[in-house]
Every structure is written in structure tokens, then in C-alpha cells.
Amino acid sequence: MKILVLNSGSSSIKFKFFDNKIVKASGLVEKIGEQNSKVILKNVLNNESFERELTINNHEEGLSIVNELFKESGILADLNALDGCGHRIVHGGRNLSEHCLVDDYVLKEIDRVSIFAPLHNPAHLAGIKTMIKAAPSVANVAIFDTAFHRTMPDFAYMYALPYDFYDKHNIRRYGFHGTSHAFVSSRAASLLEKDKSELNVISAHLGNGASVCAIEKGKSVDTSMGFTPLEGLVMGTRCGDLDPAILPFISHLKGLTIEEIDTLMNKKSGVYGICGYNDFRDIEREIEQGNDKARLALDMFCYRLVKYIGSYFAVLPKTDAIIFTGGIGENDSLVRQKVCERLAHLGIELDFELNKQRISGERMINHANSKVKVLVIPTDEELEIARITEELIGKN
């Protein structure tokens with residue numbers, strides 16, 4: 001099947017084209033709505049690139065240029081030649097709890113729950129509508145970040161607020177990074193030569209946004225992110241878990257509005273708020289130069305991560321493996337070392353030489369004597385979206 005995967009942002013469209021599960025092209029439309037917009041399409045098979053720089057006013061114009069570049073490259077005759085298009089959607093809300101083919105109801109529901117993800121869902125919706133207009137005969141599939149966590153039990157996803165807030169306003173823990181957690185846990189099963197229904201793993205997706213997921217027999221039973229992607233770990237610019245009483249205190253102290261506090265927690269906090277950097281390469285360079293705030297930021301990040309992983313050891317009946325994925329999880333050997341050292345009493349024994357090796361691809365970095373496997377698995381959310389899209393189209 002010929003599958004296009006779209007990840008539409010407010011001013012960008014990222015895309016990958018798969019032909020029979022093989023990536024043939026990838027690219028980006030950036031700076032939509034600006035005069036110096038740019039479209040890049042790369043032929044993955046021969047590294048040939050095709051580019052256009054021009055004014056792109058909206059997503060529709062951007063996708064039209066992508067179609068032109070597909071034709072110019074010879075990779076795809078036309079968007080109408082696709083078998084399907086998979087769209088990454090951050091939030092499905094309470095009703096869209098599973099990946100699904102797009103119809104009028106799905107469009108309306110994605111729009112309705114945009115209040116939960118105002119920075120993401122409206123852009124995703126624009127991407128779907130643009131694709132429907134550009135290629136009316138092509139099936140569109142909505143792939144929700146929240147869907148993998150639909151198997152969490154109610155006692156894990158509920159907040160201890162008056163029940164009406166859940167019943168009438170859908171306030172509950174949803175979880176995110178679901179596509180990534182699903183992909184790497186499935187790959188872990190292959191790596192360990194087990195069926196995923198027999199495997200219990202803890203997946204740590206560590207990037208500028210970060211979350212941990214407890215996966216029992218292939219299903220999410222708990223995760224660190226909640227109603228929004230702000231809850232949980234200390235992140236690049238997000239604070240993670242916080243005493244809620246701090247918010248009105250800060251509001252009175254600084255005279256900040258709810259919107260300003262929201263911006264503070266999402267964009268000015270995390271490791272960035274502590275030391276002024278959110279790139280871990282910069283943080284570790286600063287630590288080497290004696291920057292105490294950088295050291296504190298890294299220690300806070302790792303400590304919170306250890307607490308969550310440790311708590312999921314308690315949640316799972318048995319833990320077979322810990323998975324590190326995402327930009328930090330895949331590339332930062334120091335973070336992996338600091339986390340695993342603090343978890344040694346739970347049966348985790350890291351092989352320090354394997355951990356330090358700069359190797360891309362899936363690998364096991366635990367010592368042979370370790371009771372729990374430690375895996376580094378590069379995530380591939382686009383491949384997972386393409387797989388699910390193909391599966392749903394095949395069923396229908």
C-alpha cells in the first residue's frame with residue numbers, strides 16, 4: 001500500500017511517504033503564513049532533494065506544492081494515487097479513544113476536543129481537511145497520541161476531584177506519546193523474542209517533552225502525562241508534577257493571569273527554568289565547566305524519572321525490561337547511567353561499555369547478569385502511524 005503520513009502543525013507540515021512499508025520520501029513544509037515559506041522533499045532511496053521557496057498562505061497551498069514535488073521527483077504520480085493518509089492527532093478526548101477512519105463525526109469531535117489541545121488539534125484538523133480537498137478519493141485515518149492509553153484502569157486515569165468534573169467535563173488523565181510507547185514496546189517484544197502479550201515493560205520516551213509508560217502484556221496501564229502533556233516528568237521547558245496550590249500563590253505573588261501562568265509552566269520551566277538551557281548537550285557541557293544550576297537541572301530530571309520508573313515496578317506484576325527512546329533516551333548515555341544506577345537495587349545492572357557506545361539502532365545495554373533488560377530503541381512514530389493506517393484501511 002502507498003501511505004502518506006502527515007503531522008500538521010500550526011505553521012508546518014511534516015510528512016513521510018511509505019510504499020509497502022518502505023520509506024521512499026520524507027519532507028517538510030515550514031513557515032506557513034510567512035513570505036519565506038519553504039517546502040523540502042527528500043527521496044530517501046537516493047538522497048536527492050527537491051525544494052521550493054515561496055509564500056505559502058495556508059496548509060492547502062503547502063500540500064499542493066508537496067504534490068507538485070512528488071510529481072517532479074517521480075516518486076508518486078499524484079496524491080490521488082495514495083491508498084491512504086495517516087494523520088497524527090495529539091488528543092482524541094474521551095470519545096475518540098481508538099484510531100479510526102475519518103468521517104464527519106470524527107472531524108467534529110477532533111474540533112470539539114481542541115479545547116484540550118489548542119496548540120495542536122486545530123492544526124491537525126486543518127491537515128485532514130486539506131488532504132480531503134486535495135485527494136477526495138483517498139481514505140484518511142486519525143491516529144491519536146491518547147489512544148494507546150485507553151486501556152488504563154479508571155483508578156489510574158481518574159483525578160480525585162468531584163466526580164462531576166469527569167462525568168460532565170471529561171477531566172481525567174489521558175496520557176500522550178502513545179504511538180511512540182506502542183511502537184517501542186512492540187519492537188522490544190521482537191528484540192527479546194517474546195510475544196508482546198507475554199511482556200511487561202516500562203517505556204521512557206525522553207525528548208523535550210518526556211513521559212514514562214507502564215505496559216503490561218502489551219497494554220498501557222499507567223503513564224506519567226495526564227490531562228495535558230504538562231503532568232509528570234521534569235521536561236525541557238515544562239515543569240511536570242507540581243503542588244497545585246503553588247499556582248494561586250504565584251498568581252498573587254507576581255500578579256500573573258491564568259494564561260501567563262500556563263505559559264510559565266509550559267515554556268519557561270523544566271530544566272530550562274532551572275539553568276537556562278533545554279538542550280541536554282548544552283547542560284552537560286555546562287556541568288563540565290562547573291555550572292551548579294546545570295548539575296541541579298540534570299539531577300532533578302533524572303530523579304523524577306527514577307521515581308516514576310520505580311513506581312511502575314510496583315504497578316507491574318513483573319518488569320521484563322526498561323526501554324529508553326526519544327532524542328535524550330536514545331543518545332544520552334549519562335542520563336541512562338544515572339537512572340539505572342539509582343535503580344540497581346531493583347535488579348538493573350547496566351553494562352557501562354555498551355551504554356557508552358555511540359551506535360544507532362536497537363540495542364541491549366544491560367550486563368548479562370541483569371535481572372531486568374535495559375533496551376535502547378529508536379522510536380519511529382511515522383512507521384507506526386503508517387502500519388495502523390494500512391491495517392484500518394485493510395479492515396474496511
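Quick reminder: no glycine exception, Cβ is built from N, Cα and C everywhere.
Per Swiss-Prot, the feature Mg(2+) binding site maps to Asn7, Glu381. Annotation comment: Swiss-Prot describes Lys14, His205, Leu206, Gly207, Asn208, Gly209, Asp279, Phe280, Arg281, Gly327, Ile328, Gly329, Glu330, Asn331 as ATP binding site, evidence class sequence analysis. Annotation source Swiss-Prot lists substrate binding site at Arg88. Positions annotated as active site, proton donor/acceptor by Swiss-Prot, on the basis of sequence analysis: Asp145. Residues annotated as site 'Transition state stabilizer' in Swiss-Prot: His177, Arg238.
Reduced to three states, the DSSP call for Asn7 (Mg(2+) binding site) is strand. When the recorded positions Arg88, His177, Asn208 are screened for a Cα within 10 A of the Cα of Asn7 (Mg(2+) binding site), the ones that qualify are Arg88.
The Cβ neighbour count for Asp279 (ATP binding site), using a 10 Å radius over every protein chain in view, is 14. Its own atom aside, the Cβ of Arg238 (site 'Transition state stabilizer') has 27 Cβ atoms within 10 angstroms in the protein chains shown. Within the set of recorded positions Arg88, His177, Arg238, the entry lying nearest in space to Asn208 (ATP binding site) is Arg238 (CA atoms).
Put simply, Arg238 (site 'Transition state stabilizer') is 22 Å from Glu381 (Mg(2+) binding site) when counted between their Cα atoms. Fewest Cβ neighbours within 10 Å among the binding-site residues Asn7, Asn208: this applies to Asn208.
Scoring each of the recorded positions (Lys14, Arg88, His177, Arg281) by how many neighbouring Cβ atoms lie within 10 Å, the top position goes to His177.
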